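J.: Below you'll find the structure I mean.
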């Protein structure tokens, strides 16, 4: 929770009626907040008529009294009021005046401080200037005390602050709203450790409340109880499962089991001092207010004067024995109406337990009157210990013992060992029959289950390869069709044979197979493509990257060009130092590929000479005739057959290109930098370069 700024507090105070604690004329007052128009009207009236006659000023307001107008002016609207931060001189003045007048005369102290009110001086002293106020960090013990006290007292910060010496009510409230409340709401508040002592609150009760009974402090369900004058007699009984186990073991050994009766438990009485205090408290002659102790479990215990420390020492000496409910039992005799009234009980000692166990065994050996036993679930006690309210314990009488000493146990205790159903990997019919027979042989549950119209095993079957392929490549239909095959079979147990027994040593396990395989694993869509087009053939890595890219580009262009690499082998040879890298060759070949095609087309359209030298053959020049050898590829022949069409198309396009018009003198002047401004800029550039040339070395631009 973020703290509010000073301006927000002043704005709220500006429009708030803060004179609600005045005692006079309470019926005729208007408790509505002052509006902005009323404040402006009051300022104007005070400037005009002064502060002498407040009744006359209040007559201008329909529902405001003279005291309200005066209070509003003096506490809120007075321009002489100082509402800013305190200075060191003001703090020192307040400390001196408190030493002189005490901490009660705040109105008198405020008269010595110009522009300050008594309320401001009081809050400044109690929150900041008081030397007893702690300004250190909050400890975990203080947080725990605030949390426990807030459960009982609520937002009564003044009373909570009395439990924390050195902390003010305002500091406690701010710490709760900013830190502890968030931790409690989110469950992040640390749980109470065993070493922490319980919190005790001292509350004073008036005399009139003594005869009416003590009420809960904060209405939060705190349990109010008086000190038990007579300790109740309780009995302990073992749980149901222990009874059944003891009965079965006794039958096997041939002995009759002894009923679980631990006898009566005598609890220690409270101290005599507490008895006297309780009797004095209950007597009608007492008129003084008494102090009550509120323990961490929200129990109110009467205590007076010096005996309070004795009661606290008694509880603190053995908190486990006083607060552990696991050692407590129930009353032995039920009421006639069938209801059981719970009463406070006290723990027992180990020596008493041994003596009473001895007595119970003797009583069990001798026949005696029938005793009604009570059965109690252990979870009930644990739930009751967590509860903060007074509740009755639900108890139901157990079955009576017969003449033989033991009766039939209840149906809940007739438990059989669960039979394990082992299904062998056989046919579906036999497996389903054996599974149904084994299910019928089991002990029926309390709630019958209706047979299902379908087999649950259809959700557990694994898909085969055909189903996977159909889901990956479904058929394109207007209506989606489910291609999964419904197989109604009984699920069998998974084969849990170890891998070293299931697979021989000669075979390779799946994980070893994948670890030894160096080839990357192909995803399923690529596997489908490989099945369609055939497996990939590994090809050796070729160093002729340029030729491979040429083949790809020519195949995409839909034509085949004649490679003339064999024509000039000497020109292609270069010196070892000037050899280009394959990347530069590829870059250049990609850029000059189109120029290569145009040059070949132009060379094919040139007319053949009448006589060719004998050393030059058509095959060496790169041309092929239609009647050449069959060794030429079909693509080369197709290229030669399609030559006349391309030539005609090229001639048509060139014939339609118009001749460019000659440039005029004005165009040349503008385009070639002959205007005045261009010449001026050129001259300036030359001058700049001439200046820089003497001081800087020229660098040539290398374009490669």
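All residue numbers here begin at 1 and follow the chain in the order shown.
Backbone N, Cα and C atoms are what each Cβ position is placed from, and that goes for glycine too.
Copied straight from Swiss-Prot:
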- 26-77: domain 'HTH myb-type 1' (DOMAIN)
- 54-77: DNA-binding region (DNA_BIND)
- 78-133: domain 'HTH myb-type 2' (DOMAIN)
- 104: SUMO2 cross-link (CROSSLNK)
- 106-129: DNA-binding region (DNA_BIND)
- 157-180: DNA-binding region (DNA_BIND)
- 197: SUMO2 cross-link (CROSSLNK)
- 275: SUMO2 cross-link (CROSSLNK)
- 282: phosphoserine (MOD_RES)
- 396: phosphoserine (MOD_RES)
- 414: SUMO2 cross-link (CROSSLNK)
- 485: SUMO2 cross-link (CROSSLNK)
- 502: SUMO2 cross-link (CROSSLNK)
- 527: SUMO2 cross-link (CROSSLNK)
- 537: SUMO2 cross-link (CROSSLNK)
- 581: phosphoserine (MOD_RES)
- 588: SUMO2 cross-link (CROSSLNK)
- 600: SUMO2 cross-link (CROSSLNK)
- 643: SUMO2 cross-link (CROSSLNK)
- 652: SUMO2 cross-link (CROSSLNK)
J.: Considering the recorded sites 104, 527, which residue's Cβ sits among the greatest number of other Cβ atoms within 10 Å?
T.: 527
J.: Is it possible to list how many residues within the DNA-binding region (157-180) are helical, extended or coil according to DSSP?
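T.: Per DSSP, the residues of the DNA-binding region (157-180) fall into 18 helix, 0 strand, 6 coil.
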J.: To the nearest whole angstrom, what is the C-alpha distance linking residue 527 (SUMO2 cross-link) and residue 104 (SUMO2 cross-link)?
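T.: That comes out at 94 Å between the alpha carbons.
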J.: Could you tell me how many residues in the DNA-binding region (54-77) are helical, how many are strand and how many are coil under DSSP?
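T.: Helix/strand/coil tally for the DNA-binding region (54-77): 17 helix, 0 strand, 7 coil.
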